[in-house]
Every structure is written in C-alpha cells, then in structure tokens.
Amino acid sequence: MSQTPMPQPDQAPPVDVGQPVDEAEAKRRRFKTHGRKKGKVNDTRLARIEAGLLALSLPPGSADRGALIDQLGGNGQSQRVILEIGFGNGETLAALAARHPEDCFIGIDVFLEGFGTLLNRLTRGDISNVRLVCQNALQVLLERIPDASLDGVIINFPDPWRKKRHFKRRIVQTEFLDALAPKMRSGADLTLATDWANYAEWMVAHLEPHTAFVNQAEPGPFAAPPPWWIETNFERKGVAAGRIIRHLHYKKR
C-alpha cells in the first residue's frame, strides 16, 4: 500500500506581487471549505479511480445552464441539475441518478476512496448521468458552475469539525452560502442533514438570517426527511451510536 497522493485544493497558486487578483480568486482565498483527505489507496485502484474521474470529469468554463447541461451529457429532455457536496461512498448520488435518468447529477468530494466506491456503483448500475469533481467545493462553485444553473443541492453529513477552534472549517458558513446562492435557480431546493446537534444548530444560525434562502420546515427549524431520502451506512452508524439525524430544507428565493 502506498500513501495516496491527494490533491491539495486549499492551496492557492502564487500570484506575482502587484498582479491583480480577480474577484472569484479573492473570494476563494478568503474562505476555504475543508475535508479530511487522509487515506490509502493502492496503485492499481488509484489508476482506476483516476481513469474514472477523467472519463466523468466536469470541465470548467460553462457559460450558462444550457452549456453546463451539454457538458453533463444531458439533452433537451433534461429536467434538473442536482449537485451533491460530499457524497461519501456515493450511496445517495448513485441511487438518485438511477431513479432519475432524465436529470443531470454532479458529485463533489475530496476522498479518493469514496470516488472508487461510487465509480463501482455507477458501473454496476450502468448509470451515465453523473459527473464528478475531486476538488474544493467552493472552488468548483466559482469555476465550474454557471449562475442560476442548479435545481437542487444536497449536503448530507458534512464533517462537523467538533472542536471550537475548527468551527471555521465547517462548510456551512455565510461566505459559502453567498457563493452557493447565485448558482441556484429560484425555487431550487437546498437539503442538509447532520447527526451532530451542535452542527444542526450552527446550520440554522447561518441559514435563517440569509436573505437568499427560505426555510420550508413547519413549524421548523428542522424538517422531515425529504421524500427521496436514502438511508446510508453513515446514517446507520450515527443512529447506532445514539445520535439523532436532523434534516433541514430551504428553498432559494
């Protein structure tokens, strides 16, 4: 086994002193999303993952939603573009893509092991409506997703970064929501789930005052599981440990 050479999306490229930095780059430097990237993958599996990522990659530069759908392999019949941030082992992403072949799906993560498992699921299920990116989520939003393109965003069980000094690493932050909001169409769904009570409260504290999102839970703040909800191995472990799964459902104004 060899140590997996993981990408380092949080490292901004050097810029010559005196050179202007565009707005997207400046925003990416101010706020970085984090994921735990440690792990080992043997060379054979790594080669397969890299080949799979190359085949299913989402290149940057789509000018608008139509161009994005073209890059995703969709057509005029494509109904929705759904993004999952942090898909883990790909249970939800693969299942939803199989259920809805008319839709286009994008998965973002930084775990190579998870990509390997998801790629196997896609191959076994003959699922072709998924594109994948192994990169920092904020960077993907700024560089690869045109404005008003996403019909749904799923963030299930993001790393809670439980130590207070690490709270700044949590993905749900005001600046992240500021970057996400313009990428979503009006009426698009943002669904989140966590098994850590403190993080659930943190999510609510950041989403409730945000002017771009409206809580759909009644009476709230937490929602019932969405109709499409798929129980994952990660969820089962949390429940077995005695933790409560809390769901949030917001719509983009």
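Backbone N, Cα and C atoms are what each Cβ position is placed from, and that goes for glycine too.
Here the structure is a predicted model, which means the values were calculated and not measured.
Record features, source Swiss-Prot:
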type	residues	note
ACT_SITE	D159	active site
BINDING	E84, D109, N136, D159	S-adenosyl-L-methionine binding site
BINDING	K163, D195, T232, N233, F234, E235	substrate binding site
COMPBIAS	1-12	compositional bias 'Pro residues'
COMPBIAS	27-39	compositional bias 'Basic residues'
REGION	1-39	region 'Disordered'
Rounded Cα separation (Å) that holds between T232 (substrate binding site) and E84 (S-adenosyl-L-methionine binding site): 14
Neighbour count (Cβ, 10 Å) for T232 (substrate binding site): 19
Closest of E84, D109, D159 to F234 (substrate binding site), Cα positions, recorded positions only: D159
Cβ neighbour count (within 10 Å, all chains shown) around N233 (substrate binding site): 10
Binding-site residues compared (E84, K163, D195, F234) - highest count of Cβ atoms within 10 Å: E84
Nearest recorded site to E84 (S-adenosyl-L-methionine binding site) by CA-CA distance, among recorded positions D159, K163, D195: D159
Largest CA-to-CA spread of S-adenosyl-L-methionine binders E84, D109, N136, D159, angstrom: 14
Cα-Cα distance linking D195 (substrate binding site) and the residue listed as 'active site', given in Å to the nearest integer: 10
Which same-chain residues, if any, lie at least 6 apart from E235 (substrate binding site) yet have Cβ under 8 Å of it: F157, A193, D195, I245
Fewest Cβ neighbours within 10 Å, where candidates are the recorded positions D109, D159: D159
Distance [Cα-Cα, Å, rounded] between K163 (substrate binding site) and N136 (S-adenosyl-L-methionine binding site): 21
